[in-house]
């Protein structure tokens, strides 16, 4: 099959077709037909003159006036539907390529690896190697490859008297082009291998390297494949599995046998390898061979370069936007907020601004001195649905335009006279504008006049902005249980439980109701305006008719789950009728055993699954889960292991034209199975909760009125209940694993089979009460004694002399009150003659 080159040069010029098996001297133009897909960036270019399967599929990353760009290997988490012809192969054009200066091309497809071809672009004197990517699908990664002229296993020989041998690598693209590849890619690698015999490589562990390689900017590097910068080791030295553990490279052992050191160089800032200098080749017996693989890159760092704005006042600022005569702005956004400013740049009077004006409006406004101009694109669907939307705004001296997703482009012609230059002086603000509400959400791949702004790096140092668009659901989405959907919010997340039979913040609250005798609930699948999505997801449908008439539905799969508790049997728990004789029923038999009945036609009798060894009418809550995939059935009760069954070979595998779902009792016209008719009276009495059939929750629809409540009819009054906690039934332990199991034939447990009298229980209660009163009395007595013993603790006493208030001084007060002190003074007044 011939490969076809597809490009999109201009709006006016049609794309080209080029069978690479016979490259003409100049490219010939052919008529092409453009088909637009449902996805925002999807285009399928096909020509009736191309052979079958020679279609080309593109993901548009640039506006129409530029060439198509390759989405560098980004893995699609939600792959689109495979378009006709896309599975046969696809040709991609690398970012930066233009109509007049093609750069690098890549081919991918189901055929696997292609062969290198030489393209001779129009007006070009030198060929450009056809660069090949490995076989990919929509879920796989595309590897872009840049080759060179160095052969594999090139023998390294000495050049004359030179001590070193220098091997130069000449690539099929310029260093600037390769630098553009590596800088925009998320990951790059280059394989390098050195086979040796008595030829040392890095001279580890402590010597000077004999060999090194030169990368970007002519920098020397002294590490080898599988290692990293600043580490003078080979891959075996990192993994500690060299043939001689004393060295960090296999070749450094200087063995006389052939050894090899190989690995990947993955620091893309230092790639590609432009030169390898090899030493230690001048000795007798020294031999070596060198292999350097092509540069391989995947991922588009710019395409997913994003920032999340988490507060209304957060923003990023960049240098002034230089768009005097022309402006080309494109980006993706997703948000749950109703409005916000994407970006703004001001001058004295001039300005340019893009904003989400409302939930359905995007505005592009500017002023070049002739007065404000505003272009608005209105969407029929909300744009704040937390999904990616693309905005492309352009302005030149002739006109301005705005486009959102695949909505019609709005164009405004420029006046014939007046100012044409946009003069801006302030910084460019992304995510906010002065005096207005900022943007809450995520912006990625912001390109202004061909330059991608590095939002992630700026967000790392900015308060209120986070790099990337992982969101809260990436970290906390697991807390939305039972099928609940995590919904992003700028300051958190919420769980959408609308498609589940549960409620509450995390979709874990059972929604159920108590049924009295004679009560019943009917959920009609057929209702005015019903959509197929209301019954089952697209993966559960098998129908050739895509209108909204439910009787044409044919179900190949069902998923039924619910919980119930009852003490009465027999009864019908759930019944699904149809416009044919097909039905499904879950019954409780007179013995209390559960039965699942399927009648899909093809057999004279319904297919029954009887669970005879468990009594389900014991008042405890029990959970039931039934899933069917064509002929295969799986039943799980409570916490017991799932049991698998299979419909008879003669049975049909489609549930034709489902009509209604009944809970509690079957109120249906027409012929009904005799057993179901017998068990249907007087009806179910008990509790039913978390009932869900595919994506329908009938009890929740009745108790939580929504737009699906018109499908529900209830006889009687539903009293909401969750039917108790989770089922209490646990699997019984076997005799071999039960440590308390006693064989009645060999041992008797003391008092086995003897009941404890009510009097014993009453006496035990009285004794316990008396002990409690005594303990309480003792505690109170201890507290009283402690307080009495320490009643004076903390009181402060002084020995201040009495009459101190009337004394002339402190000394006088002491002398008046201390008789000893008085006597001493009197004795001192006596005179003695010697």
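Backbone N, Cα and C atoms are what each Cβ position is placed from, and that goes for glycine too.
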Matching range for TrEMBL feature annotation, transmembrane segment, among 765-786, 787-808, 809-830: 765-786
Across the domain 'EGF-like' (470-508), average pLDDT on the 0 to 100 scale: 83
DSSP residue counts for the domain 'EGF-like' (470-508), split into helix, strand and coil: 9 helix, 12 strand, 18 coil
CB contacts for residue 469 (disulfide bond) [other CB atoms within 10 A, all chains]: 22
